[in-house]
């Protein structure tokens, strides 16, 4: 990691830089997927461009960009390669957790490294527990006063293979409250395993992290359980970025479908005989399908933009009501982008024809990426919470998935 601070981006320059990076990513995302080539250089380019420091608060020398700007960066980068788009997700989520619950000294220490290009990855979820919020990893007293020993095994640790820091969710004293231990990735006792083998999002580095008697000083621990004791946009912000990833996947799939149909697909015989189509792009059924997909993608993008605005409004004037409205707006965006990304990436093959199913095209990667990423947490529960609000104004719960 460089110790030199990186130029700060603002609301105007951040999307420009993100689009430039996305164009570069798009040149090789198919090959990286096919060979499962981890994007180390691409992730470092992301950080070196200043994109990892977007939310560092003003008082710590950052630009403190709003959620709308961060979501747009995520959408653009995910258009280029959703693997690279997802890698920094937990980076921003835990920087937000640090903003909410960290001490000034903790914030100063970590934010200064982020401004120099450091990246954070999560180590939250675990296999073999009752549910996703059932955490068994522990922080127990160490040999020296003020030291703790971190033990456990995590999975779905997206970005861990590229990270400078791991934000590890653990219980203090076995049954105590949840804490976040900020651990350097190269610390003794940390083992990061390259064992992620999903059908999609294949290069996100989302595999296992083993923690064996990792020594953590008290000053590197922040409270987590208190995050949801008061209204926040913590969950809404996290879910907004997930929605942006799906929106980027959907738009890229639609763009690639257009290119393929216009350059490689042949018209169906009935389209030639009955509609006078000379190319696949002139087939009225294909045109209709593209219109339907464009409508769906635009609708999802509009919901994403509206959700970002609601999160920003809540951050500016945080109340029970504004936090709930932000969560509901994000729930709508998340449910929409999840459905649209899976639908459009499937219809990409439908409108492009049989040739598009050849493994040499690798167009199925868009569906595999969408299908894998949208499994992160059930979109149906977003709709459920929207329904509960619509029926009797029951506010959404406070947690990190809404």
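Glycine is no exception: its Cβ is also placed from the backbone N, Cα and C atoms.
The feature domain 'Acyl-CoA dehydrogenase/oxidase N-terminal' is assigned by TrEMBL to 21-114.
Residues or ranges marked as domain 'Acyl-CoA oxidase/dehydrogenase middle' in TrEMBL: 131-214. According to DSSP, the domain 'Acyl-CoA oxidase/dehydrogenase middle' (131-214) comprises 3 helix, 36 strand, 45 coil.
Confidence in the domain 'Acyl-CoA dehydrogenase C-terminal' (240-376), given as mean pLDDT, stands at 98. Annotated domain 'Acyl-CoA dehydrogenase C-terminal' per TrEMBL: 240-376, in sequence order.
Using DSSP to sort the residues of the domain 'Acyl-CoA dehydrogenase C-terminal' (240-376) gives these counts of helix, strand and coil: 114 helix, 0 strand, 23 coil.
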